[in-house]
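Notes to accompany the following structure.
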């Protein structure tokens with residue numbers, strides 16, 4: 001790989017962000033001589049991004065930190081269709097109101113990573129519905145559609161693999177690739193953007209935009225993709241046994257977010273410190289040298305640094321403190337997830353199975369029953385073997401709460417009112 005002269009590409013290379021770049025020398029020269037505006041597209045089909053998007057957000061963070069302008073493109077227009085890339089089935093279509101509501105919610109996250117304003121390197125959030133929803137279809141087909149070869153589009157892995165598995169690809173979704181390519185050209189015309197970044201699964205879509213720009217007379221545009229990350233065990237980033245690891249605090253608490261990263265596999269610690277934190281490389285190298293049980297300290301630092309960037313240093317430290325009290329001091333951490341129940345329910349006894357489901361420690365009564373049969377459920381740190389167990393007033397501790405646990409790392413406090 002090229003020894004980059006520009007700060008941005010040097011950091012991207014050093015920390016492991018680079019999968020593929022369309023023209024390394026040309027892009028490095030561009031970054032070295034001027035402020036570059038670049039963008040990443042984000043899918044607004046949910047009300048929050050999850051941890052799988054954090055790599056791209058960190059790329060925008062470093063872009064701005066090295067003196068360039070980051071743009072977060074919200075797919076308000078393309079989101080009405082859905083990206084078919086490597087999906088086996090079409091997604092349910094959302095309304096424009098659904099998409100708009102999701103975008104408002106998603107925007108909150110970016111303020112924790114980027115500085116917004118009117119300066120040359122200040123970040124901006126743009127919605128592609130601004131131009132896509134105003135397109136004249138016949139004019140678009142005539143002026144843009146003519147530049148796309150169906151034969152070539154069918155050769156893209158994202159499409160080919162889906163067709164090989166005999167999953168249909170609707171004409172609606174096929175248009176997504178053309179619209180995304182058009183986004184790149186439109187963003188150059190409106191904002192002077194020269195580079196699009198994304199995951200490696202977006203390479204074909206980004207190259208389409210570069211080639212369309214060339215045919216329509218733009219200066220050279222550039223593609224930059226990052227690896228599609230999985231954990232060492234092959235799990236997708238941003239997913240846990242309990243579902244998506246959401247970035248919005250109202251969908252996943254800072255403590256639960258911290259705990260997700262604390263549970264990082266040993267083999268992933270160094271890689272994640274490079275990608276998801278801004279710790280200096282020399283400090284990361286020191287942490288990566290830790291062995292045995294000492295690596296747990298590196299995991300705590302990883303979890304705290306990532307949580308601090310998203311939720312703030314105070315909440316990150318509180319999450320770390322809660323974990324320490326819960327796991328090391330065997331006391332009740334102040335920031336553990338808490339649910340409230342009627343105190344009167346405990347007079348006759350509340351069923352443990354139902355409480356486990358209500359607390360989110362099981363998805364159903366049958367799953368809660370399996371947890372108990374496997375010896376994984378504890379009440380106030382005491383293993384429960386009876387699936388008909390009732391939680392009573394006498395189970396309330398001196399702090400006025402009851403602690404439910406599944407395994408060693410999942411705890412919920414029950415607060416009777």
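These residue numbers are counts, starting from 1, taken along the chain as shown.
Even glycines carry a Cβ here, placed using N, Cα and C.
Residue environment of residue 176 (L-tyrosine binding site) contains 22 other Cβ atoms, counted within 10 Å of its Cβ in all protein chains. Taken from Swiss-Prot, the feature L-tyrosine binding site covers 39, 176, 180, and the record attributes it to sequence analysis.
Residues or ranges marked as motif ''HIGH' region' in Swiss-Prot: 44-53. Using a Cβ-Cβ cut-off under 8 Å and counting only residues 6 or more beyond its ends in the same chain, the motif ''HIGH' region' (44-53) has close neighbours at 74-76, 79, 82, 91, 94, 99, 101-103, 105-106, 109, 229, 236-239, 244-248, 251, 257, 260.
When averaged over the motif ''KMSKS' region' (236-240), pLDDT in the model lands at 73. Per Swiss-Prot, the feature motif ''KMSKS' region' maps to 236-240.
If you look up Swiss-Prot, you'll see 239 marked as ATP binding site, on the strength of sequence analysis.
Taking DSSP states H, G and I as helix and E and B as strand, the domain 'S4 RNA-binding' (350-417) has 19 helix, 21 strand, 28 coil. According to Swiss-Prot, the domain 'S4 RNA-binding' annotation covers 350-417, on the basis of sequence analysis.
For the motif ''HIGH' region' (44-53), the DSSP counts in helix, strand and coil order read 3 helix, 1 strand, 6 coil.
Cβ neighbour count for residue 180 (L-tyrosine binding site) (all protein chains, 10 Å cutoff from its Cβ): 28.
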